[in-house]
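Residues or ranges marked as disulfide bond in Swiss-Prot (evidence: similarity to another entry): Cys56-Cys97, Cys68-Cys110, Cys96-Cys101. The feature region 'B' is assigned by Swiss-Prot to 48-79. Among the features that Swiss-Prot reports, region 'C' is placed at 80-90. If you look up Swiss-Prot, you'll see 91-111 marked as region 'A'. Look at Swiss-Prot and you will find 112-117 tagged as region 'D'. Under the heading site 'Important for interaction with integrin', Swiss-Prot lists Arg71, Arg81, Arg86, citing similarity to another entry as support.
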Amino acid sequence: METQKRHEYHSVCHTCRRTENTRMKVKMMSSSNRVLVIALALTLYIVEVASAETLCGGELVDALQFVCEDRGFYFSRPTSRSNSRRSQNRGIVEECCFRSCDLNLLEQYCAKPAKSERDVSATSLQIIPMVPTIKQDVPRKHVTVKYSKYEAWQRKAAQRLRRGVPAILRARKFRRQAVKIKAQEQAMFHRPLITLPSKLPPVLPPTDNYVSHN
């Protein structure tokens, strides 16, 4: 009887140990899954924060000049009469410096939109009398107001070059322009100071009127 009781006790303890081991394994698996979920959430948050880049001050002006080039740019988007009541004009400084900035947003604040080949061909074929005289007077007002604010930035070109191009402009669209600029700088740097003639000077034949001074 005692042996049977001992055998039953050992068998019960063995089953208890098995159940405890399985419970521990389940707990370990659940904790590892939680750690993986937390790590994935952190990585997604870091990627979102990194993608939402902000530009302020001189970096914002450099980015606008690099994107818009000769077209010029505005700090506040020109609003129409229909959209002035519905939406508030926040401005590029508030959007890029305090929220997030991307290339599409910078393109919206350029003064003149980039015309495609279809638009250029369509405007060249259309003949509109007396309209060019009106269009020529409008941009002059914007140019006088626009470029008078940036004379200080144009004088400090060395500081803009030291800061470099922001990371948001390292897209595929603007890499070709950077390569062209570098090629032009290298061509100007490696230009020879003295250009040697390609042809040798003509050799004169020896003359018979040679006088020896010995």
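Glycine is no exception: its Cβ is also placed from the backbone N, Cα and C atoms.
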Whole-number mean pLDDT, the region 'C' (80-90), equals 51
Going by DSSP, is Cys68 (disulfide bond) sitting in a helix, a strand, or coil? helix
Write out how many residues of the region 'A' (91-111) are helix, how many strand and how many coil, based on DSSP. 13 helix, 2 strand, 6 coil
Looking only at Cys96, Cys97, the disulfide-bonded residues on record, which one has the least crowded Cβ, with the fewest other Cβ atoms within 10 Å? Cys97
Across all protein chains shown, the disulfide-bonded residues Cys101, Cys110 give the max Cβ-within-10 Å count at Cys101
